[in-house]
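Feature annotations, reproduced from TrEMBL:
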{"type": "TRANSMEM", "residues": "24-50", "note": "transmembrane segment"}
{"type": "DOMAIN", "residues": "42-293", "note": "domain 'G-protein coupled receptors family 1 profile'"}
{"type": "TRANSMEM", "residues": "62-88", "note": "transmembrane segment"}
{"type": "TRANSMEM", "residues": "100-121", "note": "transmembrane segment"}
{"type": "TRANSMEM", "residues": "142-164", "note": "transmembrane segment"}
{"type": "TRANSMEM", "residues": "197-222", "note": "transmembrane segment"}
{"type": "TRANSMEM", "residues": "243-264", "note": "transmembrane segment"}
{"type": "TRANSMEM", "residues": "276-295", "note": "transmembrane segment"}
Amino acid sequence: WEFNGSFHQPSAFLMMGIPGLEALHHWISIPFCALYLIALSGNCMILFIIKKTQSLHEPMYYFLSMLAVTDLGLVLCTLPTTLGIFWFNMRRIGFDACLTQMYFIHILSFIESSVLLAMAFDRFIAISHPLRHSSILTKTTVIKIGLAIILRGMVSLLPIPFLLKRLTYCEKTELSHSFCFHPDIMNLACADIKVNVFYGMIILLSTVGMDFIFIVLSYILIIKTVVGLATKEECLKALNTCVSHICAVLVFFIPMIGLSMIHRFGKNIPPLVNTLVAYTYLIIPPALNPIIYSIKSSHIREALLRALRR
């Protein structure tokens, strides 16, 4: 513990694995290792295929590359501390290191949400205005969208670490997860956390919340356009191009909304449920997204088969 002026700040936090199953951590690490391996290899494969296949140099696949990079970042943020607990029982993490990990986890989560919105916009333009798609979403426009997404995530979350550093912390320093999460750190403070709660809620609603609303709105407009198509075959073909994206949206947003609700309103929910939802939110989407796009996208699948043959 360090005493600095008028507040107490812990030198480190203690992370938690899976509560009640500590004796089985070595066995539990096996499926986690499998998920991390799938996420790392799958997203690297997606990036490699898109880079090497000239026909995939289109806005849809540029956004898919952004999604793959973001998923790789999420995996690399949580892998060291999660496997460190499961393999070596390394529970201690420095205060500043914890804030740094938390900052990047939240930034990457916000970026993934924004990339999914950009992909929904791409699908809307491709279905509603197919002849103007290439002129609206040029390579320069895609780059500008990517930079705007990164800038929005970095700027909106920049005050969070400083808001946490100003708090006085109690003697309890045990986190609920094997990674650092803003509500988790905030709830360890003895001071008034109304500012942290208010700012966190405003940022969550104005970024991820708005992204989700605009994604739903995009699909309402897409369905409205598809219904007006001449034949049933054209309608199904247009909707089939959106299946992968819809799956990615559901895989990301359902656990995220669940985890946010648990941290804010689920005081009586068992710790095991909280932990499992958190792992589902941060590990499952990076592992499933490459599989979803490899199965549903014929272009990705064909490029992958060509690469394997070579």
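Backbone N, Cα and C atoms are what each Cβ position is placed from, and that goes for glycine too.
Because TrEMBL annotations are produced automatically, they should be read as predictions rather than curated entries.
Among residues of the same chain six or more beyond the transmembrane segment (197-222), those with a C-beta under 8 A of the stretch's C-beta atoms are 109-110, 113-114, 116-117, 120-121, 123-124, 127-128, 152-153, 156-157, 159-160, 163, 182-183, 186, 238, 242, 246, 249, 253, 256, 260, 264. Below 8 angstroms of C-beta separation, residues 15-17, 25-26, 28-29, 32-33, 36, 39-40, 43-44, 46-47, 50-51, 101, 104-105, 108-109, 111-112, 115-116, 118-119, 122, 139, 142, 146, 149, 178-179, 248, 282-283, 285-286, 289-290, 293 of the same chain, each at least six residues beyond the ends of the transmembrane segment (62-88), sit close to that stretch.
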